[in-house]
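Enquirer: Pasting the feature list from TrEMBL:
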- B:1-17: compositional bias 'Basic and acidic residues' (COMPBIAS)
- B:90-125: domain 'EF-hand' (DOMAIN)
- B:126-161: domain 'EF-hand' (DOMAIN)
- B:174-209: domain 'EF-hand' (DOMAIN)
- B:1-27: region 'Disordered' (REGION)
Amino acid sequence: MAAGVAAWLPFARAAAIGWMPVANLPMPVAPTEKNKRQDELIVLNVSGRRFQTWRNTLDRYPDTLLGSSEKEFFYDEETKEYFFDRDPDVFRSILNFYRTGKLHYPRYECISSYDEELAFFGIIPEIIGDCCYEEYKDRKRENAERLMDDQEDNKDSKLPNMTFRETMWRAFENPHTSTMALVFYYVTGFFIAVSVITNVVETVPCGSSPNQKDVPCGERYTVAFFCMDTACVMIFTVEYLLRLFAAPSRYRFMRSVMSIIDVVAILPYYIGLVMTNNEDVSGAFVTLRVFRVFRIFKFSRHSQGLRILGYTLKSCASELGFLLFSLTMAIIIFATVMFYAEKGSTSSKFTSIPASFWYTIVTMTTLGYGDMVPKTIAGKIFGSICSLSGVLVIALPVPVIVSNFSRIYHQNQRADKRRAQKVQKARLARIRISKTGTSNAFLHSKRNGLLNEALDLTGSTEDERHHNKTTSLLESQHHHLLHCLEKTTNHEFVDEHLYEQNCLEGALQNYTSRSPSLSSSGGLTGTCCSRRSRRKSAHLPNSAMSPGPPHGLQELSAVHIHRSDRPPLSTSRSSLNLMPDEAMRLNCKSGQITTAIISIPTPPGTTPEGDGHGPPSPSVQTTAGSSVVKVSAL
Amino acid sequence: MKAKNREQSLSDSRELDGSYDPLTDSTEDDFELSTVCHRPEGLDKLQEQTKFTKKELQVLYRGFKNECPSGVVNEETFKLIYSQFFPQGDSSMYAHFLFEAFDTNKNGSVSFEDFVMGLSIILRGSINDRLNWAFNLYDLNKDGCITKEEMLDIMKSIYDMMGKYTYPTMQEDAPREHVENFFQKMDRNNDGVVTIEEFIESCQKDENIMQSMQLFDNVI
């Protein structure tokens, strides 16, 4: 129950008048206030600033500090006020929560101090209203990262008990952990650079000897370059194997982008080694060399910025896709137009539409190489339109991409969106849990309430009874209301799981006789399930009255006592009409309930069912009722 | 830029937005100026008219004003408030009937006076008054008698509040059977309707009902 409408509980209870004339069962007794207090103002002194509010306002949320009896610990007898040595500014928001039912997060407040105050007063942050929740989560995340960064600097010096493998992995991932790691980091970086430079220099024409034309250095100093290449690939291979060994999850490591880059970087060399003998595929071998340039991507392990760029491009995929799509559209349109415009002119380079693509692209990106130019007037007109529109088409998506990049670069987070989604899901789950908590609270307190009455009957001491009265007056009144509704409709609330269990068990269950499990502990936790334990009782005179074959008397370990067939009581007739053979049908509705009445065996005389059944089964007897109750109370 | 272009761009953006309703020529995001702000008559006057004490009226009004700062409850808010108490089921129909019963002058909103008058009858009135009020609640078209259809509507709304997860499982015809029982009990002359006299007479004969009517003495 949202405590914001706690004030309307009297109205809701009054509205129950509509149920009374139609109910066929007596209503449960209403909870009374033992010491009915007039609503009074209480003073909350928070570090000198006095707040005043009604007591009822605080009682709305009984599971917080101010709403429960925990605040009595802070009561000052002399000044007759509650003193809290906490921050009064934050307390404002907390008190407003009681007043309005909404928790707000003030932006100027430090997030950790706010969290501390919430924890002190027993309020979960998930109920912060939607208006402030985004801000709260953002600040919390920032703070967490800041703390994590600080922690990591400190943490690295500790952690003595790691296996060799774990130390190695940490060394690979974070080069600042030890000097060895740093050395390794710089050595690999150096060799990546060397390898890339080698590849580049290989193709530069070195000085020409007099009788030959320029040959690239690669062919002149073949051996030297080959040695360099081999050395680099050795290092890369060793590095890859070491990483593979140290990785905590080898499968995941092999799937990661960096390892794929590593493999692609060194593979051409090995393929080349294998294939040197075969002359036919030497063409393909040359192409493979191209892949050596992928070694440059290995730098991304060394550069944070490169990783961010890659991530940005990945996250801007939709904008890039849009750019590409619109460009393609424009290219096709203009190429077609140019082709047909230039068709007439002689010796035109626009031989086909695909040939015009090149012209269109060069013009739209304002490159203008000049290798293809239109000669006809129509061609020139359309050519100029093409170049003007090219500027526009490219200029439109680019700012979006740029702003994306800057946003991500500044935030500098990897799986930002994924984490936020998880948090949102978790938050909604918590709120849902607290909402179902309301109905669960009712079911829970129903059992507690029955236990209380059971204890009453057995004449337990006051202490034991009060020990179970954990619900506030407000809650007990609300539960009484729900209880009245149950009586009116002659059905009971159950929670989802039990309902589904009922369905399943009702469908599967035939009249197998089970011993009446007076398992006390089981009864209290699963009153519903135990209710279904049927027992064919041979001595059931009531069965004569029932419309069908004998219905098993359902015996409860809890305080509920099921009376079987009661023709005079019309409400039970609906369930009594269930024939047992209906139960054979695998139908949730039918395989069910034979008895209808749930009554509490309080003052035996006043139970309207009376004891007209004589001495049929032991549990029906009210004197035996108390003994049943006793058992369950254990 | 010419004014025409601006209008054109405004309407274009409205189209994209989807907030523009060309039929009624109004934009959805115009906030309704809630000029409705009802203040109840004086505390003394209310005290005369109802059977509550001053303090009780104060407590009631504080709760009322908290939830409805404008001073009146419309049906939507009424349903929303009532549904908070019944998380498992659907209480909107019953809340609707309640609203009709509280809204004595049929103007679509319940002011504090209506609210307190109704509560006064239920919580502080005599048993006969309460029964009368309940009859008024059931008699949907206020013609002085309850037909089976009316009763069926009411019964369905009550059963709806239980929701799906009940024990025993809710049958389709549970409300109807309940209505049959009700009519058997209440309809003396078997003419298919229950008049106010029949209703009160039958209720007075029923111990359970009489006893449950006493429940309301201690609500406030």
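In case you wondered, yes, glycine gets a Cβ from its N, Cα and C as well.
Could you place these features in context, so I can see how deep they sit and what lies close by?
Expert: For the domain 'EF-hand' (B:90-125), same-chain residues at least 6 beyond its ends with a Cβ under 8 Å from one of its own Cβ atoms are 36, 38, 40-41, 46, 49-52, 57, 60-61, 64, 71-75, 78-79, 82-83, 132-133, 136-137, 140, 153-154, 156-158, 160-161, 163, 216-217, 219-220.
Look at the domain 'EF-hand' (B:126-161): DSSP puts its residues at 25 helix, 3 strand, 8 coil.
A Cβ distance under 8 Å defines the sequence-distant neighbours of the domain 'EF-hand' (B:174-209), meaning residues of its chain 6+ beyond its ends; these are 127-128, 131-132, 135, 144-148, 151-152, 155-156, 158-159.
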Enquirer: By DSSP, how many residues in the domain 'EF-hand' (B:174-209) are helix, how many strand, and how many coil?
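Expert: Summed by class, the stretch gives 26 helix, 3 strand, 7 coil.
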Enquirer: In the predicted model, what is the mean pLDDT computed over the domain 'EF-hand' (B:126-161)?
Expert: 89
Enquirer: Going by DSSP, how much of the domain 'EF-hand' (B:90-125) is helix, how much is strand and how much is coil, in residues?
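Expert: Residue counts for the domain 'EF-hand' (B:90-125) by secondary structure: 24 helix, 3 strand, 9 coil.
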